[in-house]
Each structure stands twice: as structure tokens, then as C-alpha cells.
Amino acid sequence: MAAEVYFGDLELFEPFDHPEESIPKPVHTRFKDDDGDEEDENGVGDAELRERLRQCEETIEQLRAENQELKRKLNILTRPSGILVNDTKLDGPILQILFMNNAISKQYHQEIEEFVSNLVKRFEEQQKNDVEKTSFNLLPQPSSIVLEEDHKVEESCAIKNNKEAFSVVGSVLYFTNFCLDKLGQPLLNENPQLSEGWEIPKYHQVFSHIVSLEGQEIQVKAKRPKPHCFNCGSEEHQMKDCPMPRNAARISEKRKEYMDACGEANNQNFQQRYHAEEVEERFGRFKPGVISEELQDALGVTDKSLPPFIYRMRQLGYPPGWLKEAELENSGLALYDGKDGTDGETEVGEIQQNKSVTYDLSKLVNYPGFNISTPRGIPDEWRIFGSIPMQACQQKDVFANYLTSNFQAPGVKSGNKRSSSHSSPGSPKKQKNESNSAGSPADMELDSDMEVPHGSQSSESFQFQPPLPPDTPPLPRGTPPPVFTPPLPKGTPPLTPSDSPQTRTASGAVDEDALTLEELEEQQRRIWAALEQAESVNSDSDVPVDTPLTGNSVASSPCPNELDLPVPEGKTSEKQTLDEPEVPEIFTKKSEAGHASSPDSEVTSLCQKEKAELAPVNTEGALLDNGSVVPNCDISNGGSQKLFPADTSPSTATKIHSPIPDMSKFATGITPFEFENMAESTGMYLRIRSLLKNSPRNQQKNKKASE
């Protein structure tokens with residue numbers, strides 16, 4: 001491949017280089033056709049001359065186009081100007097390759113460049129190995145490839161097609177260390193991303209501000225100031241780390257300036273909170289069912305016609321979005337606080353019922369022409385819009401009745417619950433209400449396993465069930481009661497004749513969970529004093545024969561709920577006969593002996609005394625139709641074994657209702673607390689007990705008690 005291509009002197013092309021303005025216009029020779037005889041004699045007509053003239057003009061235009069194409073190729077082949085090299089043999093251009101618009105040149109362009117670069121590397125390696133090798137200095141000679149146009153193209157093709165078929169798309173000058181591309185590399189499928197070596201350039205941003213038009217000024221927002229110390233003004237540390245003494249006036253002034261600057265930089269939205277009330281005020285002018293003048297203009301309707309969406313609503317129904325706004329949803333949470341009331345209690349299945357949605361009928365929207373009658377003077381054009389006439393089921397009052405009947409309000413539901421509780425004789429709710437009306441003080445102390453007979457009573461008197469396996473060994477005779485005694489039930493009357501208000505307050509309506517350690521200790525001392533006084537008063541009394549106590553039984557709690565009702569002799573004898581096979585022998589001996597000085601007799605006497613006091617007001621004791629009495633006293637048999645009626649079973653009895661669920665429902669997955677570190681915990685409580693006395697909660701209690 002030759003180093004240069006020689007086309008001759010440039011002056012040869014100058015006669016063809018005329019500017020467009022200086023191009024002479026063809027002047028047509030006008031021939032006068034006055035005499036037809038002269039035309040025939042000369043043998044040359046006007047038609048032939050005009051045809052020759054047209055051909056000459058086409059030839060001139062074609063030569064000018066070829067001249068411009070040759071000039072462009074000559075500019076491509078000329079040596080680049082402005083490049084100065086020290087050694088033209090090594091530093092000058094190695095070769096120049098012209099890439100034509102051919103599929104082969106586009107496909108193998110990268111391989112051609114790699115071949116040239118490999119040649120340069122091979123030459124450099126040879127120079128390193130043999131420096132003294134003679135180099136060939138050839139004279140410049142014309143290129144072996146002649147840039148000629150393909151003359152096989154038909155002459156009928158236009159000049160424009162020839163240009164497109166033989167246009168140069170790339171011209172690369174290869175030097176030793178670099179290459180110079182004058183026209184650009186060819187693109188693969190005209191896509192620079194698919195062509196190797198092509199990268200989309202990334203330009204640096206020169207203008208950081210908006211360029212304004214002539215005569216206009218653009219207000220540029222102030223930049224947010226950098227945080228700095230409000231005390232000394234340094235940006236290296238914050239105010240909390242400032243070593244300088246604090247200047248309150250300067251700090252306040254700088255903080256205010258910083259906040260103002262931040263507010264201006266953020267368009268007065270710096271550290272502003274989002275409130276729902278602002279949204280309501282913002283869209284407060286929009287009301288459902290009310291069409292404003294702007295909306296009428298936007299819809300293209302007047303106040304003398306119904307909006308088109310009204311006719312569509314007749315087919316789709318009431319908008320579900322506004323129906324959602326009218327929902328009143330109950331949380332379904334039930335509060336078990338142990339208090340006797342119907343406000344925070346729920347029955348079985350009541351939570352699922354409360355989850356049903358209710359609606360506030362006052363929030364139903366009025367839509368004239370949909371759920372209320374169309375105003376007078378406004379026509380109903382439902383046929384034009386392809387809709388349906390007003391439906392009676394979509395009227396507001398009919399829709400409200402539908403919501404009321406299918407989605408009951410909370411008040412109606414609670415009323416139904418009360419009526420159902422009163423109508424069912426064996427429901428737990430009815431039993432609870434009866435116990436509340438009777439004012440039973442020990443209703444909360446009943447065991448959850450204790451049951452009462454159902455409405456269907458049997459003619460037989462109650463019988464004791466066989467004793468359960470003992471949890472703890474029975475206490476021997478003469479053993480004093482244990483140190484820990486349960487607190488008195490809620491509402492238990494005082495056990496001593498003393499009428500002091502302190503005693504009534506301690507044993508009154510104070511919840512045992514809210515008592516402090518000192519109050520519990522004081523209550524324990526009062527219980528012991530009451531037991532000692534009962535022992536001294538009833539030291540000469542004998543225990544009745546039919547007292548339901550075993551020889552080593554200990555009362556777990558006082559039994560104020562048992563009715564002291566007279567029992568016929570026949571019933572008594574029958575009861576004794578039924579009790580003999582099942583009651584242990586020690587029970588008969590102990591009941592006949594009647595030891596008055598033992599703790600069993602003391603507790604029995606105390607239970608009898610309280611029975612006599614509470615008999616007029618207690619209706620909880622289950623008096624059967626045949627006159628037998630079902631005791632409500634929680635009595636232990638053999639230490640911790642309860643005695644229950646014989647005919648008590650799940651099929652014939654209902655469990656006594658308690659507002660607090662059974663502990664077994666809360667004990668799943670709970671690890672029992674082992675009292676290993678109780679000494680440290682108790683000591684810590686005793687240390688901070690003085691601080692707890694002055695707590696706001698205790699101060700409120702003392703204030704209420706004093707009032």
C-alpha cells in the first residue's frame with residue numbers, strides 16, 4: 001500500500017471552481033420561424049438545436065458534480081497541516097486508510113486497526129533486536145489502488161445515487177503512537193452503542209445557573225447555610241463542643257439567623273409538620289353532592305340539568321368511597337378488669353359480632369336525581385345518556401333502612417344482648433346479674449371449677465364426691481395455721497364488733513392488688529386478732545354433727561355465702577344416711593367429739609356466725625325445690641381438696657360466670673417464676689418503699705381516703 005496518492009496539480013481543478021453566484025446562466029438562442037422554406041433548405045430545425053442544448057447543459061452539471069467530488073477526495077488525501085515532526089521517516093503518518101460505505105469495511109474495521117498496530121509493535125521489536133539493520137528508503141510512488149468510480153453503473157442512474165454508492169465514511173491517518181480519524185469511524189447498524197471504540201461523550205457542566213432571556217432577571221434561591229457553632233461561629237464543631245464561654249444573646253441571634261436562612265432556602269417549608277387538619281381546611285370547600293360553578297363549567301353543564309355522572313350512579317349505585325366515610329367500626333377489644341359491670345365485658349362470640357361494620361346515617365350524602373328527588377324545573381334525561389330512571393331502592397330513606405336492618409348499631413346490639421340474657425334462665429350473664437342485685441360480697445372468690453346445678457333440679461339432696469388426690473399433706477392436729485393467709489374477700493363485713501372506720505376501710509372495697517406491703521401486713525394482723533377473739537368467744541360452743549368439715553381440714557377462705565336455712569328432720573336423716581358410705585370415718589368421730597379449742601372449730605364457728613349475718617341478703621345460695629341446700633362455702637378437704645355437690649356435671653350444670661377468664665388460658669408458654677432471688681428483691685423493695693409512698697398514685701389514694 002503506497003504512502004501517498006497523487007492526483008496532480010490543484011490548479012487543474014480551479015477553472016471548474018466557480019461560486020454559485022458567478023455561474024453563467026445559459027442563454028437560449030431564439031430562432032424566428034418566419035419562413036418555412038429557409039428551414040427546409042438549411043436542414044436544421046429548432047427542435048434539434050434545443051435537444052443539443054439540453055444535452056450540453058446536462059453534461060456541464062455532471063462535470064461540476066464530479067469536480068466537487070474529486071475536490072472532496074483531494075482534501076481527504078492531503079497531508080494534515082499543522083503537525084510538526086522531528087523525523088518524518090518514523091514519526092510521520094505511516095499510512096492513511098479510507099473506509100468506504102461498504103459492509104466489509106464496516107464489519108472488519110476493528111480488525112484492520114489491530115493489524116496496523118501489530119505491524120508497529122513488530123517493527124519496534126525488530127529495532128530493539130537489531131539496531132544497525134539498514135532500512136529501506138523508498139521513493140514516494142502512486143497508490144496501487146486507484147480511486148475510480150464504477151463505470152458499470154447504468155448511465156440512467158442519477159448523480160445523487162452515485163454519491164451515496166461511493167461515499168467515503170472514514171479516513172484514518174496512522175502514526176507510530178496514535179491515529180488520527182478525520183471523518184469518524186463507521187457505525188455498526190448506524191448505532192454507536194454497538195460499534196467498538198465508540199463511547200457517548202460526557203460533557204462537564206459549565207453553567208450552574210439558569211441563563212435568563214434578554215431583559216429578564218431570574219431570582220436564584222439562596223443556598224442553605226452550613227451548620228456552624230452559634231457561640232463562636234466556627235464550622236469545625238457544634239455548639240455543644242464549643243470551648244468558648246457561652247454567650248446566650250449571641251447564640252439566640254445566630255440561631256434565629258440560621259433558621260431564617262434555612263427557611264428561605266427551602267421555600268419557607270423548613271421543619272414544618274404535616275397535619276391532617278391542614279388538609280381538611282385545604283379541601284374544605286369541596287363538599288360531596290354539591291356541584292360548584294367551576295365544576296359545571298368543566299363538565300359543560302348548567303344548573304338547569306343534571307350532571308352526567310348522576311345517570312351513571314344509577315347504574316353503579318352509591319359511591320363506595322363515601323359509604324366508607326360513614327362507617328363506624330368497633331375495635332372488638334374486651335377489657336377484663338375483674339369489676340362487676342357490663343361495660344367492659346363480652347360474652348362468648350360477642351367479639352366476632354362487634355367486628356361487623358355499622359354506619360352513621362347522618363353522613364349519607366344527598367345526590368339530587370339519584371337518592372333524592374330531582375329539583376323542580378330540571379328534566380330527567382336518562383334516555384339520552386342511555387341510563388335507567390330513578391330506582392326506589394336507591395332512595396336515601398330506603399338505603400338508610402337497609403343499613404340499619406343489616407348492620408345493627410352498637411346500642412341495638414347491646415339491647416339484644418341484655419334481652420337475651422334475661423330471657424335465658426341458665427345463662428351465665430343472668431346468674432351474674434342476679435348475684436349483683438343480691439349484693440353477694442364473695443362472688444369473686446368462688447373457684448372457677450365450682451359449679452351449681454342447672455334449672456332442672458333433682459329430688460335428691462346433695463352428696464359429696466370422692467376426694468381428689470392431695471396436693472399437699474394434711475396438717476396434723478394442733479398445728480397453727482400457716483403464716484400466709486389470703487386477704488379478705490372484696491366487700492366482707494368486719495369480723496369484730498369494733499365499729500372503727502379504719503377496720504371497715506381495711507376490709508372494705510380495697511382491691512388486694514392495689515395494697516402495699518404494709519397494708520397487707522396490717523390486714524394479716526387484724527385477721528389473727530379476729531381469729532383469737534372468735535376463739536375466746538366460742539370456746540364453749542360445740543360443732544354441729546352435720547358440719548361439713550373433715551378432721552384435718554383447713555378453711556381456705558371464709559364462707560359467707562352459705563344460707564342458714566332450716567332443714568326438715570326427714571331430710572336431715574336422709575342426708576346423713578347418704579353421707580355415711582362416702583364420708584371417711586374420721587369425719588364422724590371428729591364431728592361427734594366437737595373440739596372447741598382446735599382451729600377447725602374456730603373456723604367453723606366463724607363461718608356459722610357470718611352465715612347468720614348474711615342470710616337475709618344472700619340469694620346466691622342454691623335452694624333446690626326439695627329444700628336441700630347447695631353450699632357456696634369454699635371448703636378444703638384433706639388440705640387442698642374441694643368438696644362439691646354430687647349431681648354437679650357439665651351436662652346438668654353451668655359454670656359460675658366470672659368476668660375474668662381462667663388462668664389456664666393465659667398460662668400457655670409461661671415459665672413459672674422460681675423464688676430463688678426473692679431475698680434480694682424484697683430487700684430492694686424495702687429500700688425504695690419510702691420513695692413509693694410519695695408517688696402521685698399513693699398521694700391520690702390518701703387524698704381520696706381523707707375526703
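Cβ coordinates are placed from backbone N, Cα and C, and glycine is handled just like the others.
The compositional bias 'Low complexity' annotation in Swiss-Prot covers 456-465.
Residues or ranges marked as compositional bias 'Pro residues' by Swiss-Prot: 466-496.
Sequence annotations record features per position, and here Swiss-Prot assigns compositional bias 'Polar residues' to 549-559 (among others).
The compositional bias 'Polar residues' annotation in Swiss-Prot covers 598-607 (among others).
If you look up Swiss-Prot, you'll see Lys413 marked as SUMO2 cross-link.
If you look up Swiss-Prot, you'll see Thr342 (among others) marked as phosphothreonine, on the strength of a large-scale study or a structure entry.
Annotation comment: Swiss-Prot describes Thr472 (among others) as phosphothreonine.
Taken from Swiss-Prot, the feature phosphothreonine covers Thr479 (among others).
Marked as phosphothreonine by Swiss-Prot: Thr485 (among others).
The phosphothreonine annotation in Swiss-Prot covers Thr492 (among others) and rests on experimental evidence.
What Swiss-Prot records for Thr577 (among others) is phosphothreonine, and it gives a large-scale study or a structure entry as the kind of evidence.
Look at Swiss-Prot and you will find Ser598 (among others) tagged as phosphoserine.
Feature annotation from Swiss-Prot assigns phosphothreonine to Thr648 (among others).
The phosphoserine annotation in Swiss-Prot covers Ser649 (among others), and the record cites a large-scale study or a structure entry as its basis.
Under the heading phosphoserine, Swiss-Prot lists Ser658 (among others), citing a large-scale study or a structure entry as support.
The phosphoserine annotation in Swiss-Prot covers Ser695 (among others). According to DSSP, Ser695 (phosphoserine) is assigned to coil rather than to any helix or strand.
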Contact set of the region 'RBM7 binding' (309-324) with the rest of its chain, CB cutoff 8 A exclusive, min separation 6+ beyond the ends, reads 288, 359, 363-365, 367-371, 381-382, 385-391, 394, 399
With the cut-off at Cβ under 8 Å and a gap of six or more residues from its ends, the chain residues touching the region 'RBM7 binding' (286-299) are 307-308, 319, 322, 365-368
Averaging the pLDDT values of the region 'RBM7 binding' (286-299) gives 88
DSSP assigns the residues of the region 'RBM7 binding' (309-324) as 13 helix, 0 strand, 3 coil
